[in-house]
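Features as listed in Swiss-Prot:
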TOPO_DOM  1-8  topological domain 'Cytoplasmic'
TRANSMEM  9-25  transmembrane segment
TOPO_DOM  26-368  topological domain 'Periplasmic'
BINDING   Cys39, Cys42, His43  heme 1 binding site
BINDING   Cys68, Cys71, His72  heme 2 binding site
BINDING   Cys128, Cys131, His132  heme 3 binding site
BINDING   Cys160, Cys163, His164  heme 4 binding site
BINDING   Cys316, Cys319, His320  heme 5 binding site
Amino acid sequence: MAMSKMKKIVTALCLVGVGVGALWGSQWIMHKTSTPEFCASCHSMSYPQQEWEGSSHFANAKGVRAQCSDCHIPKEGWHYVKAKFIALKDLWYEAQGKIENKEKYEAHRAEMAQRVWKDMKANDSETCRSCHSFDAMELSKQTKLAKQTHTEAQTNGQTCIDCHKGIVHFLPEVHGDQNTQKSSAVQGGTLSDGSAIFATEMVKATNDKGNEVRLMPYAELMQWKVDGDQIQGTLHGWQQVGAEAVVYQELGKRITLALMDEDARNHVQVLKIVHDAVTDSDWKEISVAVNVAKEKMTSDLTTLNQYGNQLNQTQCSGCHAAIGADHYTANQWIGVVNSMKDRTSMKKDEVRALTIYLQRNAKDMAKQ
């Protein structure tokens, strides 16, 4: 009887020992597989390692270094265990040679980045917040832009990864020729009787005297008719007195419709003159008859807007979450786009189209 009791005690102690050993072993394995040395032991991880070593998260004036696990593995709880198990797929991919060289790595960079961004968005940038906290920020010591952005982020419930993409690892390239995407999406020459038509891009037009009028993307013509491969229509807009070279869509809002040469400015019909208190200047409401190539105009405003939104989503989401058009006023969008365009691969025509799309759908504009 005593031996039976002793046997049970020994068995229980052995089970406890096995449990403790398994728990300690699991913790040891999880810890060792979270080190930069382990992460970079796979050949495919040498590429992100080089990017990390060139970033401020590796070396900085403060002497603080963020390890791989600091950003990619939540510190505790279910998210921690989940991250470790999901990481097993990386070992499988390494064995299969999915990203065995630089070319394959680049081919999958966007896919990998989107997965990480999605996870960080879902957990409210948990790993970022283990070091960075809104509560600990002294906004008064930040730059004007950082202070404004962080204040808006707190108000709107945004999370770190919404804006802070590409600060350690290179951003994925936006593949595909945007002009090719546009030509397949916005076909000029698609016209519907009785509806307004819009320029698909910046295009040269002329007035009835042959003077040049350059229409901007989204420039609207009314009372139009087809004449062979040309369209005759009426452009309606506003000019600021003293700066008549530019025709704007609305009074006081600098949404460019057209640029006119010196002779063309003298051949417009002035409908009325209004003093605008905001700009403290006089504005002329005008109309002008123009001739333009049929292939450069469309009635399909929906598809044209989809193209503008596509530019916003693909080009402007590399560094931060794409900002909705109704976030800023029409005039504010000019400065916002100009301050960020050099960080994208957009060409001048694309910048122009994006700016006007955002302006037309700004928060102080009626739904377009």
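Note: Cβ is positioned from N, Cα and C throughout, glycine not excepted.
What you are looking at is a predicted structure, and each value in this text was computed from that prediction instead of being measured.
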Distance check against His164 (heme 4 binding site) for the binding-site residues Cys39, Cys68, Cys71, His72, His132, keeping those with Cα within 10 Å: none
Intrachain C-beta neighbours of Cys128 (heme 3 binding site), sequence separation six or more, cut-off 8 angstroms: Cys71, Met120, Thr159, Cys160, Ile161, His164
Residue among binding-site residues Cys68, His72, Cys163, Cys316 with Cα closest to the Cα of Cys42 (heme 1 binding site): Cys68
Where Cys316 (heme 5 binding site) falls in three-state DSSP terms: coil
Cys131 (heme 3 binding site): tally of other CB atoms within 10 A of its CB: 12
Cα-proximity to Cys68 (heme 2 binding site), 10 Å cut-off, over binding-site residues Cys39, His132, Cys316: Cys39
Extra residues within 8 Å (Cβ to Cβ centroid of Cys68, Cys71, His72), heme 2: Cys39, Ala66, Gln67, Ser69, Asp70, Ile73, Thr127
Least Cβ-crowded entry, counting other Cβ within 10 Å, from the binding-site residues listed as His72, His132, His164: His132
Separation of alpha carbons, Cys163 (heme 4 binding site) and Cys39 (heme 1 binding site) (Å): 26
